[in-house]
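Everything below concerns the one structure shown next.
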Amino acid sequence: MTSNKIKVLCVDDSALIRDLMSKIIDSQPDMEVVATAPDPLVARDLIKRTNPDVLTLDVEMPRMDGLDFLERLMRLRPMPVLMVSSLTQKGSEITLRALELGAVDFVAKPEMGIREGMLEYTEMIADMIRAAARSRPRAVAKQPPAKDKAPLKAPLLSSEKVIIIGASTGGTEAIRHVLEPLPANSPAVLITQHMPGGFTKSFAERLDKLCRISVKEAVDGERVLPGHAYIAPGDWHMKLARSGANYVIRLDDAPPVNRHRPSVDVLFHSAAQSAGRNAIGVILTGMGRDGAAGLLEMRQAGSYTLAQDEESCVVFGMPREAIVAGAAIDTIALSEIPAALMKRAEASGRAQRV
């Protein structure tokens, strides 16, 4: 008897997490746990026997490190992997490395009340598994650091220009691919990536080591400067605002928008109001529709807007919604976005004050 359900294999050294993930997944009508494993060595045999559609993998495990296993898996049998991580500094750094190696997304285990907390995540975990099952897993080719490559030519423009980016599932690597080639005097970049608190600081620090521009977690009230990228902190909405002739960052903990905080729509809406035609809006890979309405507002305010194309997306959800809404002027491959941003910034000439 064949089943159209998404087949999931859960790998975790915690019996509690294996049990909770099984309960969450088996409660959904369109997915099922076909097996569980306490470590990667057991999982290796179960993958051959059960041929799962999605693997959930604990970041830190005995017998074989989760990262070592993931690296081998993505090299030999690329498949959608959802990481399960702890909310620690070490856990966040390992998780970011896992995303770099090809994991689709991650779930952060609650620090307290794991059983209740995980069950509260039921809808989110189910959505992540559905997105993972539809994703395009790919082995990650080794690339030289961006600083070893020639940078893109910096555009001639005023400090009024600003690049606004929104992303979700698959976004951490997509953002890296966009930022790495940018020259040190690139226009300022503001980024909202769906990510819980505790991970965005590690994400910013990781990017800062790889990029020519400075990358940091955003701070409320700070001035937005060329040559800098600002990542919205987890659990905080980020907005672009005006203070006299300058752009500044505003953070707030208003309720989630589209079930997310930070929300891409919140950032895009603020950019439409504060920067208008001086802004460039970019929507990258991700599930759901967050950002579609805001990108349309940016386009209507005179901003140049673009969406990542389906072929280069891990999950073609947010870009598709933006395209359907008529929000994206152009749709291009991820590899072409950095050059398109610099070309567009220069083509627009000296920025006009709003």
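Just so you know, glycine gets a Cβ as well, placed from its N, Cα and C.
Feature annotation from Swiss-Prot assigns domain 'Response regulatory' to 7-124; the stated evidence is sequence analysis. Residue counts for the domain 'Response regulatory' (7-124) under DSSP (helix as H, G, I; strand as E, B; rest coil) come to 57 helix, 28 strand, 33 coil.
Cβ neighbour count for Asp58 (4-aspartylphosphate): 24 (other Cβ atoms within 10 Å of its Cβ, all protein chains included). The 4-aspartylphosphate annotation in Swiss-Prot covers Asp58.
What Swiss-Prot records for 156-348 is domain 'CheB-type methylesterase', and it gives sequence analysis as the kind of evidence.
Annotation comment: Swiss-Prot describes Ser168 (among others) as active site, evidence class sequence analysis. The 10 Å shell around the Cβ of Ser168 (active site) contains 28 further Cβ atoms across the protein chains shown.
Counting only residues at least six positions away in the same chain, the Cβ atoms of Ala167, Ser168, Thr169, Gly171, His260, Pro262, Val264, Gly286, Asp290 sit under 8 Å from the Cβ of His194 (active site). His194 (active site) falls within neither a helix nor a strand when secondary structure is assigned with DSSP, and so counts as coil. Residues or ranges marked as active site in Swiss-Prot (evidence: sequence analysis): His194 (among others).
In this structure, Asp290 (active site) belongs to neither helix nor strand by DSSP; it is coil. The active site annotation in Swiss-Prot covers Asp290 (among others).
With a 10 A radius on its CB, Asp290 (active site) counts 30 other CB atoms from all the protein chains.
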